[in-house]
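As given in TrEMBL:
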- 6-376: domain 'Major facilitator superfamily (MFS) profile' (DOMAIN)
- 12-31: transmembrane segment (TRANSMEM)
- 43-65: transmembrane segment (TRANSMEM)
- 72-94: transmembrane segment (TRANSMEM)
- 100-121: transmembrane segment (TRANSMEM)
- 133-153: transmembrane segment (TRANSMEM)
- 159-177: transmembrane segment (TRANSMEM)
- 198-217: transmembrane segment (TRANSMEM)
- 237-254: transmembrane segment (TRANSMEM)
- 266-284: transmembrane segment (TRANSMEM)
- 290-309: transmembrane segment (TRANSMEM)
- 321-345: transmembrane segment (TRANSMEM)
- 351-369: transmembrane segment (TRANSMEM)
Amino acid sequence: MSSRKGLTASYVGFFTAGFTIAAWAPLIPFVKEALQASPSSLGILLLMLGFGSILGMPLAGWLAVTLGPRRSIALSGLGSCLALILLAAVPGYLIECASLFFYGVTLGCLEVSMNLYGAALERHHGRRLMSGCHAFYSIGEVAAAVAVSGALWFGLTPFAATTIMMALLGVVFIWSLPGVLELPLCREEEGAFEMPKGVVWGLALLCAVIFLAEGAMLDWSALFLKEEAGVRLEEAGIGYTLFVIAMALARLVGDKLVTKLGAVRMVWGGVLLMVASLAAMVAFPVPAVVLTALFMMGLGIANVAPLIVSAASRQRTMPALPAVTAVTTIGYAGLTAGPALLGFVSEYSSLLHAFAVLAGLLVVVGLGTRRVSAAL
C-alpha cells in the first residue's frame, strides 16, 4: 500500500510541476500588456525566470539529500503555487522580476526533486516508471492550459483565475505529501551533483536545446498567435493548449513506439517534425497553419527529452544519478533561459525570425544525435 501511495504521490508531484509551469503561458500576454513591456523588457523578465531556475536546480539536489524527498518536494511545490499568484497580480516591473526569479527557483527545485524521486522509485520498484511520471507532467500542462485559458476566456481576471487554480492544486498537492516515500536519492559514494563528463556533456547540450524549444512554445506561442497570426488576446492560449495535448498523447504511447522503432529513429523523427512545424509557422503565419503546426510540434518534441534523460541513466561514463541530475539541470536551464534570448532576437527583428533561429538550433540537434547515438 505504501508503495502505491508513493507512486501516486509522484504522479501528483509531476502533475503539479507541469501545471505550475504551463499556467504561466496564458498569463504572459496579459503581463506584457499590463506592464506595457517591449519584447526586450519581456525578455529580461523571462531571463529572471531562467536565472532562478539555474540557481534552483543544483540547489534541489542538496535540498533533497539534506531534507529528504518529502520536505524538499513540499517546499518547492507550494512555493511555486505561491509564486504564480504573485506573478498574476502584476504589482510592477521590478517586483514582477523578483517574483519571476522566485518562481524560477521553486520550479527548478520542483523539477529536479521530482526527477530524483522518480529515479529513486524506479530503483525501489525495480522497473521503469519515468515515462509514466512524465506523462502526468504533460497531463498537468494540458490541465493548466485548458483551465487557465478557459477561465480567462469566460471573463475571470488573470489574478482571480490563477488564485483559484493554485488554491485547488495546493489542496491536492498537500493531500498527496504523506504518500511520498523517504527513499535514498543517491548511494553514499555518489554526490547529488557533478559536472558532466564525456557523452553526458553531449546529452546535456542536446537536452538544453530540446527544452529551449519547449520553453519557446511556453513563453512565445501565445504572443506569436496574437502578433503574427492575428488571434485575439483571450484566445491566444489555445495554441499552447494544443501543443501540450499533443505532448501528453505522444508520451502515453512513447514507450511502445521506442520499442518498435528504436531510440535513435524516434529522436531523428521528432527533430524533423519539430523543424517542419516551425518552418510552416514562419512561412505561413495564419491561425489554421500555426495551430496545426503547434500540435505537430508537440508530437515531435514529446519523447525526445525523456529518451535523452533515459540515456543519461544508462551510460557508463558517470554514475547514473549525478548524470541524470546534470542533464536535467542543464536541460531545464535551456527551458527557462533560452526563450529570453529569443525575446532579444524578436526585439531587434521579429518573432518570425526568432522561430527561424530556433528551427536552425534544432537542425544542429539532429546532426548532434550522431555523436551520442551509442548512448541512446
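Cβ from N, Cα, C; glycine included.
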Near the transmembrane segment (237-254), which same-chain residues lie under 8 Å Cβ to Cβ, leaving out any that are not at least 6 residues past its ends?
18, 22, 25-26, 131, 134-135, 138-139, 141-142, 145-146, 148-149, 152, 217-218, 221-222, 224-225, 231, 266, 290-291, 294-299, 301-303, 306
Among 43-65, 72-94, 133-153, 266-284, 351-369, which stretch has the most Cβ pairs under 8 Å to the transmembrane segment (12-31)?
133-153
State, in range form, which of 43-65, 100-121, 266-284, 290-309, 351-369 has the highest count of Cβ pairs under 8 Å to the transmembrane segment (72-94).
100-121
Selected stretch (most C-beta pairs under 8 A with the transmembrane segment (198-217)) from 100-121, 159-177, 266-284, 290-309:
290-309
Report the mean pLDDT of the predicted model across the domain 'Major facilitator superfamily (MFS) profile' (6-376), rounded to a whole number.
85
So which residues does the transmembrane segment (159-177) touch in its own chain, when a touch means Cβ under 8 Å and the partner is 6 or more beyond its ends?
8-9, 12-13, 16, 19-20, 23, 27, 70, 73-74, 77-78, 81-82, 84-85, 87-90, 144, 147-148, 151-152
For the transmembrane segment (351-369), name the stretch out of 43-65, 133-153, 266-284, 290-309 with the most CB-CB pairs under 8 Å.
266-284
Can you tell me which parts of the same chain pack against the transmembrane segment (133-153), counting only residues 6+ beyond its ends and a CB-CB cutoff under 8 A?
10-12, 14-23, 25-27, 30, 114, 118, 121, 160-162, 164-165, 234-235, 237-238, 240-241, 244-245, 247-248, 251-252, 302, 306
